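What Swiss-Prot says about this protein:
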type	residues	note
COILED	215-267	coiled coil
COMPBIAS	33-54	compositional bias 'Acidic residues'
COMPBIAS	61-70	compositional bias 'Acidic residues'
COMPBIAS	71-83	compositional bias 'Low complexity'
COMPBIAS	311-321	compositional bias 'Basic and acidic residues'
COMPBIAS	329-344	compositional bias 'Basic and acidic residues'
REGION	15-83	region 'Disordered'
REGION	95-167	region 'Disordered'
REGION	311-344	region 'Disordered'
């Protein structure tokens with residue numbers, strides 16, 4: 001029978017999936033042919049029924065016989081199909097089901113992707129305005145404005161897109177000569193220590209100790225400059241030359257006094273650190289501590305300020321407090337917005 005032979009062909013195990021598709025298509029076509037034959041038989045039976053109605057009862061027996069024959073033929077075909085299906089192995093059924101499942105999955109995936117592509121809107125680049133075209137006629141894209149810093153302590157924002165300079169350094173300019181004093185140069189002092197690391201690390205301290213007599217020279221020079229300024233200010237006849245000399249002396253006095261003040265501050269910081277280290281060594285030697293405690297820079301500065309304030313006289317304290325008050329007020333004014341500056 002043709003159906004049984006085709007089903008037996010489908011039962012054979014094949015490696016490639018194209019054979020399964022071919023067999024499935026053939027079986028579908030066979031099923032459609034069977035359906036068409038059944039429809040034709042039903043149509044014929046209907047037609048015969050109509051003829052019997054028209055002709056009378058003489059054709060009724062013939063139509064009944066034809067119906068019985070068609071029913072018996074269809075029952076035989078169904079029994080053949082069921083018997084052939086019972087002979088199919090489970091491996092062939094599993095392979096056929098797997099091939100059909102893969103094809104169905106792939107079709108659903110492609111359909112989903114196509115629907116998503118249809119739904120997703122196409123992003124078109126923003127068209128530049130007329131103002132931007134007038135401002136940047138030759139540029140393809142206008143430069144983006146960088147956002148401002150959150151605070152003055154934040155790092156500066158710089159774009160990574162910047163034009164490379166067209167200039168090229170062919171000959172490097174000579175280095176600017178710097179005046180160096182070998183008495184206070186750290187390189188010279190490190191070489192003169194003969195490889196002693198304890199002395200080499202504290203080269204500046206040893207230099208200050210060796211040339212401590214220069215401080216007395218500076219104080220004498222400062223006193224002479226102040227006397228010279230006082231005599232020029234007391235003179236009645238003042239010309240342009242004297243005024244220029246007075247301004248020069250004032251600048252020199254302020255620079256020398258500031259330099260001496262920094263020397264004193266650094267010396268006081270060294271004394272504070274030396275005293276703290278001495279105390280820590282004694283505490284470790286006595287067994288009160290197992291490890292030393294190192295002061296931070298902020299703690300050292302705070303200790304220096306307290307010492308200087310205790311050593312000042314009454315007038316010096318008032319002057320220092322007034323300077324501090326002005327400094328804090330100017331700092332607050334800088335941080336204040338412009339609208340409040342005008343009101344206050």
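The chain as shown is numbered from 1 upward.
Cβ atoms here come from the backbone N, Cα and C positions, even for glycine.
Assigned with DSSP, the residues of the compositional bias 'Basic and acidic residues' (311-321) fall into helix, strand and coil as follows: 9 helix, 0 strand, 2 coil. For the coiled coil (215-267), the predicted model reports an average pLDDT of 88.
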